[in-house]
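Student: The transmembrane segment annotation in Swiss-Prot covers 16-36, 347-367, 369-389, 396-416, 440-460, 472-492, 537-557, 863-883, 888-908, 911-931, 968-988, 998-1018.
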Amino acid sequence: MQVLPPSSTGGPSRLFIMRPVATTLLMVAILLAGIIGYRALPVSALPEVDYPTIQVVTLYPGASPDVMTSAVTAPLERQFGQMSGLKQMSSQSSGGASVITLQFQLTLPLDVAEQEVQAAINAATNLLPSDLPNPPVYSKVNPADPPIMTLAVTSTAMPMTQVEDMVETRVAQKISQISGVGLVTLSGGQRPAVRVKLNAQAIAALGLTSETVRTAITGANVNSAKGSLDGPSRAVTLSANDQMQSAEEYRQLIIAYQNGAPIRLGDVATVEQGAENSWLGAWANKEQAIVMNVQRQPGANIISTADSIRQMLPQLTESLPKSVKVTVLSDRTTNIRASVDDTQFELMMAIALVVMIIYLFLRNIPATIIPGVAVPLSLIGTFAVMVFLDFSINNLTLMALTIATGFVVDDAIVVIENISRYIEKGEKPLAAALKGAGEIGFTIISLTFSLIAVLIPLLFMGDIVGRLFREFAITLAVAILISAVVSLTLTPMMCARMLSQESLRKQNRFSRASEKMFDRIIAAYGRGLAKVLNHPWLTLSVALSTLLLSVLLWVFIPKGFFPVQDNGIIQGTLQAPQSSSFTNMAQRQRQVADVILQDPAVQSLTSFVGVDGTNPSLNSARLQINLKPLDERDDRVQKVIARLQTAVDKVPGVDLFLQPTQDLTIDTQVSRTQYQFTLQATSLDALSTWVPQLMEKLQQLPQLSDVSSDWQDQGLVAYVNVDRDSASRLGISMADVDNALYNAFGQRLISTIYTQANQYRVVLEHNTEITPGLAALDTIRLTSSDGGVVPLSSIAKVEQRFAPLSINHLDQFPVTTISFNVPDNYSLGDAVQEIMDTEKTLNLPVDITTQFQGSTLAFQSALGSTVWLIVAAVVAMYIVLGILYESFIHPITILSTLPTAGVGALLALMIAGSELDVIAIIGIILLIGIVKKNAIMMIDFALAAEREQGMSPRDAIYQACLLRFRPILMTTLAALLGALPLMLSTGVGAELRRPLGIGMVGGLIVSQVLTLFTTPVIYLLFDRLALWTKSRFARHEEEA
């Protein structure tokens, strides 16, 4: 078992020690490159880890959910299902709208996915209804991703139809053109149109039908090519008054003649300028508004996108009338910037604390300046590499640099402490620097590569979690590598020029007092260590008990996925009885808005009622609650949510579901709560049987809260049961019946008005204000084969039935999603386990499959790979240490320190009430790399003492422990203080940073206390084992 012999001539550091100018200029180059890189790096909340996601929306006004599913969604799904690289396809078919969300594999470029989607839509065109008003429209956006910015446009003098027209033509188009913007949606549904409201009684009295009116309007308003005349000397383009532009022109349209007298449209209908869809509405606070939600493209830089929007807004608002007001209600980048600023402050605090601890130990200003230069240089230099790797300044990379503060200073401390020891013995500074740097060079290399080895498994983590922590791991590894370079170049060079016997011996009262304190501590440690070495088996039992305890703690600690962040925005869903109308829902929404706006933490509120790409039915409403900045409110988001739900519970007939927006969005659909669980079947009937049973059981579990389902099968349906024989005798087809119903109740888009700026629709419907409710069906008239008018009631009966309000698919099969939250006193792991146990008690049939979705599915995947991740880190470190030490045994001695770190981290998390989530797990993996440093420093010097001074293993390890006690304590405290700002974090995004700090501080404290005693004992035990093994082999050889 040999190690590389330390060099007494400076080793790789010699060149840099002897050439101070070249070394200084090299470090200046690293510093300048880092500063330039820092200024060039984009800022974001988290690394870009979005799945390539595309949303396809098809609108078919008046179509029932069943028609939308069979006629629109299913043909599209069949084509989309043939695309390569598709990870998941979900769809939602509701009244008049089909929304299909396509999530592709992480490795597939978004542009490639877009091409495949466009080709699939083209292939499905001939399979879609011929009267579809518009073809399917796709957007490169994840509908579950909260908007980066929400704007409200209001006016005190103009109707909402004119406001929306201006917003759509002047504002939304310009914002959509900004790089990084994926989709601009206008909520409020006030797009201008000419609405024709037929008077059913008047039509019937004149012997007309709605189909007669529709045919007359479509024939009177056309916009087609007419040709041109090409004469001998000039060409003339043909044009005609074939377009009608205003409601007044339509009002004067002659639709028929009776007894020679014209019947104009205005005689049988109310014709007016109105909204294209009267069942849509949006509000900003209490004022009706057009709400613009701006969503980014997956992978786009959120900060630069938001900045571009804000820069454009003044120019856009200048083009609007003075009565129109544009208000930015929410901007996610505000909290992102605040979170990044807080993390940067914690990084500076970590640097300051580390420098302070260095001075406390070295008690010398020149000796403190040296690592004080090395630390920021290593961190700043990392920014240059981050630019080339297309990284960003985000919470995770800044957390990596904050943690790196404690790591990178270790190398400089070890070098300085070793060089100082020789200077204090009387060596000249230059000779001491050469000797000390050469002696410690191998230790620095061992520390560096064994620590980087721990990070290697993070690079191979799969799926979105792996992508998420790749930037973290690489950033930390780069900082550690640069630190090693600085410690072997700049640090010994500065020691040779700045340290001297006089400077090291110069002491003040503080220096003398601290020196005595450290001497007493080392003496006490020496006495304790001697006792421990005399009772090795007792110490070994303590080490083994920490291993057992760490396993037990791992089993019983609450487990989660990702910390719930307070980003100042709450997404809400308001649910009313399934038969609620738009008018009823809008009234309930305003009642809820009044209650929410009274909360002192709420700054603004936007709400939306109606069916569109995100809202599936008329009995639900979407809300976005924007909270005041964190420093202006007393409570964090979870307490605000609990308070709002309690207040809204007093509003009768509604259920409110709230969840805070998160920087990490894995879901592909807008959910009522944070977590989802799906049931998938081959038929809707199977879901209708088992969903209520499972819901009943889940709602009784204390580990779950806000349990709800998107299964809504009690929507009222007026089923028109046509007597086909009677209809056939009269020459009336089912197409005639459908057309008559569609004309009356479908807000049918029957014609288009073309202008230079935009296109507007003509909407046909019955005036239900004259004959409201189901009685309106009695006014429907059909034309028989002999030209007579036949009441619908003579050939059909109307039955009231129940049907789903929306039909959801997952990978082309019917699915229902059960949403839930987790109460504060339980963890996501508890909830997942209870759901799986409950599912087993139901004995679901084989044709029903269940699966967690979104972040819950990612949690299961991360939890399943965590143990293997830790094993991989340990194995990687063993291999590196084995290669460096040319030994199978010494790496085991070093790795024996790891259980103590796990025990400390898990205990700290449990005491602090934190879950074991992916952030905390990363902390534990980092601890694996930190705590083994103690053992490396002990074993390196013990092996050198055995080899060079001929000491016995016991004397060698005892001396090594006392000799390296101060640098071990110093490096551990430096790492601990580097993590301390994260643990004590209270600002924006603190929820994300705190678990990492808690785990590392707890692990470092426990491991520091235990490994100082267990490592030398285990070293001696393995040394004895090695001698026994050698003697056995020698005996066998002699016998042979």
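Glycine is no exception: its Cβ is also placed from the backbone N, Cα and C atoms.
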Student: Could you give the residue numbers and ranges of same-chain residues that sit at least 6 residues beyond the transmembrane segment (440-460) on either side and whose C-beta is under 8 angstroms from one of its C-beta atoms?
Tutor: 3-4, 6-7, 11-13, 407, 410-411, 414-415, 418, 466, 469-470, 472-474, 476-477, 480-481, 483-484, 487-488, 869, 872-873, 876-877, 879-881, 884-885, 894, 922, 925-926, 928-930, 932-933, 936-937, 940
Student: For the transmembrane segment (396-416), find every same-chain residue at least 6 residues outside the stretch whose CB is under 8 Å from a CB in it, and list them.
Tutor: 46-47, 340, 343-344, 346-347, 350-351, 354, 358, 361-362, 367, 370-371, 374-375, 378-379, 382, 386, 436-437, 440, 443-444, 447-448, 451, 468-469, 471-473, 475-476, 479-480, 482-484, 486-488, 491-492, 495, 499, 926, 930, 933, 937, 967, 970-971, 974-979, 981-982, 992-993, 996, 1000
Student: Would you mind listing the long-range same-chain contacts of the transmembrane segment (911-931), meaning Cβ under 8 Å and 6+ residues beyond its ends?
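Tutor: For the transmembrane segment (911-931), the far contacts come to 403, 406-407, 450-451, 453-455, 457-458, 465, 468-469, 472, 476, 554, 557-563, 827-829, 862, 866, 869-870, 873-874, 877, 897-898, 900-902, 904-905, 972, 975, 979, 992-1000, 1002-1004, 1007, 1011.
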Student: Which residues of the chain, 6 or more past the ends of the transmembrane segment (16-36), have a CB below 8 A from one of its CBs?
Tutor: 10, 377, 379-384, 430, 433-434, 437, 482, 486, 488-490, 492-493, 496-497
Student: So, do the transmembrane segment (968-988) and the transmembrane segment (347-367) meet, by the test of 3 or more Cβ pairs under 8 Å (sequence gap 6 or more)?
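Tutor: They do touch: at least three Cβ pairs between the two stretches lie under 8 Å.
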Student: Sequence-remote contacts (6 or more beyond its ends) of the transmembrane segment (863-883), Cβ cut-off under 8 Å?
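Tutor: Cβ under 8 Å, 6 or more out: 446, 449-450, 453-458, 460-462, 559, 829, 890-892, 894-895, 898, 921, 924-925, 928-929, 932, 936.
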Student: Taking the transmembrane segment (537-557) as the reference, which of 347-367, 472-492, 888-908, 998-1018 gives the largest number of Cβ pairs under 8 angstroms?
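Tutor: Per the Cβ under 8 Å count, 888-908.
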Student: Any residues 6+ beyond the ends of the transmembrane segment (998-1018) with a Cβ under 8 Å from its own?
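Tutor: Counting only partners 6 or more residues beyond its ends, the transmembrane segment (998-1018) has Cβ contacts under 8 Å with 403, 525, 528-529, 532-533, 536, 539-540, 542-543, 546, 893-894, 896-897, 900-909, 911-912, 914, 920, 923-924, 926-927, 930-931, 934-935, 938-939, 957-958, 960-961, 965, 968-969, 972, 975-976, 979-980, 982-983.
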Student: Grab the same-chain neighbours of the transmembrane segment (472-492) for me: Cβ-Cβ under 8 Å, and only residues 6 or more beyond its ends, written as numbers and ranges.
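Tutor: Answer is 10, 12-13, 16-17, 23-24, 26-27, 30, 47, 370-371, 373-374, 377-379, 381-382, 385-386, 389, 391, 396-397, 399-401, 403-404, 407-409, 411-412, 414-416, 419, 433-434, 436-437, 441, 444-445, 447-448, 451-452, 455, 458-459, 922, 926.
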Student: With Cβ-Cβ distances below 8 Å as the criterion, list the same-chain residues six or more beyond the ends of the transmembrane segment (347-367) that contact it, or say none.
Tutor: 375-376, 379, 398, 401-402, 405-406, 409, 413, 416-417, 420, 498-499, 503-504, 506-507, 510-511, 514-515, 518, 966, 969-970, 973-974, 977-982
